[in-house]
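This report refers to the structure that appears directly beneath it.
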Amino acid sequence: MPMVRQRIPPGIHLIRSLRGKEWSLTTYRYVVLLLTFIAYACYHASRKPTSIVKSILDPEPVHRGLTHPWPVGEVFIKETMMVGNLTASPGKGWVPFNGKDGTAKLGEIDVAFLAFYSAGMYVAGHLGDTLDLRLFLTTGMIGSGIFVGLFGMGYFWNIHVFWFYLVMQMIAGLFQATGWPSVVAVIGNWFGKRKRGLIMGIWNAHTSVGNIAGSLLAASVLQHGWGWSFILPGACIFLGGVMVYLFLAAYPEDVGFACTNGMVSSEAEVLSKDGQAQILKGNDVEAERKPEHGTRERGAAVGILEAFRIPGVIPFALCLFFAKLVAYTFLYWLPFYLSQTEIGGEYVSVKSAGNLSTLFDVGGIVGGILAGYISDKLDARAITAASFMYGAIPVLVLYRIYGGISKTWNILLMMLAGLFVNGPYALITTAVSADLGTHKSLKGNSRALATVTAIIDGTGSVGAALGPLLTGFISTKGWDEVFFMLCVGALIAGLLLSRLVFDEFCERKSERKSKQNAPTDVSGVTQPLLVDQSS
């Protein structure tokens, strides 16, 4: 097995020198959770500007209000005046997106980003299991920041050539592919399976927090020119990459904690005096430290084909294909939809539509946490994910029919849609991916997390590319057709987990039957079944 020499992150080394003592295992875990949370929030924040500026680039007339963005000002703002100098041709959009095929071109730049993102994900996952995760993640964040910013520079350089924006999105997609496999692998390195669904459900709020932050950042500077809506989020992810380089300990071994079969030693099995294996429970106990920092030994990285053969990887990957098709259609088109749809007898401004769309992600935060908690409680990932996808169907129908009645109905139904759409998406990309990346068939090999995560999320990202692309064409016929596509996608996502749902039901039934058949003593306490070992 290859020996990999890691370096202590320079920021941690500096803090150690100043404090004169070491952090505890619990402290390191909190730092890892916080840094990976911020890192992926930055990734999602840098993806939001295209959805915010769609109505500026689109040839439709654009209006704006004169109040501060939510949550400082009102969520809904009436159209009060035409936009001034937001485009090269006031009131006519931005060349090359102001022609008859402008909406389709906006869909094409979305699919360019997501296609390269999904293709790069498979390569990035394998590289993440091979290279230093901290440096790999840093490179991806800094590269993403540069090319997101360059897209916005097209405004200041007065560029009106379609291929420029297409290429910037393609390269940005490749750099963004480094993010998800890396952060999930880091979390998997530091945390065991106990309460993984709840922990990752809370942690996965970074997706929605990033979407909200990206929307607010992009909308807050829109009046100064749409280019700033890209430069500001791009600068944020660039600085986030610097922070990851300085402070992220990607592996417990990097800061001196020993691991057993891919788990930090405080969660590993230990042998008691009588030779029986027990699991440490209760509060985390500080792990045994290695005498040397930075030297560690891990197994060979798992190949992509081998990762595909892990039970459950293919059905969950296909389910995520359709789940992300639905989720990313909202991510890229919800602000545009809100600005073009009458709500309570009024149309909202472009900036207001961007601010309002953040409420979908507020519901998504609740959905991710709820899905993680339920799946932990039931010990049933597939049942939970499928139930949420089926529940999303009637909610999407209600949002389309009743979302325009009033502002209150729109907010409530939008948040409910976010809960059901983002719940299974969050569960599959976090807890399910981590579970499968440490599956028993891997026999303790800890170098499969990034590869498995990349396969699942990479397949899902193909759906994420397809949804916005189809929406760009279908929306020209009407939004009813778009919502029909979303409902069909949610239905297929749930059906793809049918086999796993059936298996989980059988497991739960078998467990209940075993408990009922277990012998009890005279006090009514269930006794463990004894196995005759005389043979």
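Quick reminder: no glycine exception, Cβ is built from N, Cα and C everywhere.
Small disclaimer: the values here were computed from a predicted structure and weren't measured.
Features of the protein shown, as given by TrEMBL:
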TRANSMEM  27-46  transmembrane segment
DOMAIN    34-505  domain 'Major facilitator superfamily (MFS) profile'
TRANSMEM  135-157  transmembrane segment
TRANSMEM  163-191  transmembrane segment
TRANSMEM  203-222  transmembrane segment
TRANSMEM  228-248  transmembrane segment
TRANSMEM  313-334  transmembrane segment
TRANSMEM  354-375  transmembrane segment
TRANSMEM  382-402  transmembrane segment
TRANSMEM  408-428  transmembrane segment
TRANSMEM  448-470  transmembrane segment
TRANSMEM  482-502  transmembrane segment
REGION    513-535  region 'Disordered'
COMPBIAS  516-535  compositional bias 'Polar residues'
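In summary, the transmembrane segment (354-375) does not lie against the transmembrane segment (163-191): fewer than three C-beta pairs, each 6 or more positions apart in sequence, are under 8 Å.
A contact links the transmembrane segment (203-222) to the transmembrane segment (27-46), because at least 3 Cβ pairs that are 6 or more residues apart lie under 8 A. Same-chain residues lying 6+ beyond the ends of the transmembrane segment (448-470) with a Cβ under 8 Å from its Cβ atoms: 107-108, 110-111, 113-115, 117-119, 121-122, 124-129, 133, 177, 180-182, 184-185, 188-189, 301-304, 307-308, 310, 313, 316-318, 320-329, 331-333, 425, 428-429, 432-434, 436-439, 442, 485-486, 489.
Comparison of 228-248, 313-334, 482-502 by number of C-beta pairs under 8 angstroms to the transmembrane segment (382-402) places 482-502 first. Scored on C-beta pairs under 8 angstroms, the neighbour of the transmembrane segment (313-334) with the top count among 163-191, 228-248, 482-502 is 482-502. Contact between the transmembrane segment (27-46) and the transmembrane segment (408-428) does not hold: fewer than three of their C-beta pairs are under 8 Å, each pair 6 or more apart in sequence. Beyond the transmembrane segment (408-428), the same-chain residues lying 6 or more positions past its ends with a Cβ under 8 Å from any Cβ of the stretch are 75, 197, 200-201, 204, 207-208, 316, 319-320, 323-324, 326-327, 330, 343-344, 356, 359-368, 370-372, 375, 381, 384-386, 388-389, 391-392, 395-396, 398-399, 402, 456, 460, 490, 493.
Proximity of distant same-chain residues to the transmembrane segment (163-191), defined by a Cβ-Cβ separation under 8 Å and at least 6 residues beyond the stretch ends, is recorded for 28-29, 32-33, 36, 39-40, 43, 46-47, 50, 108-110, 112-121, 123-125, 127-129, 133, 136-137, 139-141, 143-144, 147-148, 150-151, 154, 199-200, 203, 248, 250-252, 262, 264, 429-430, 433-434, 437-438, 446, 449-451, 453-454, 457-458.
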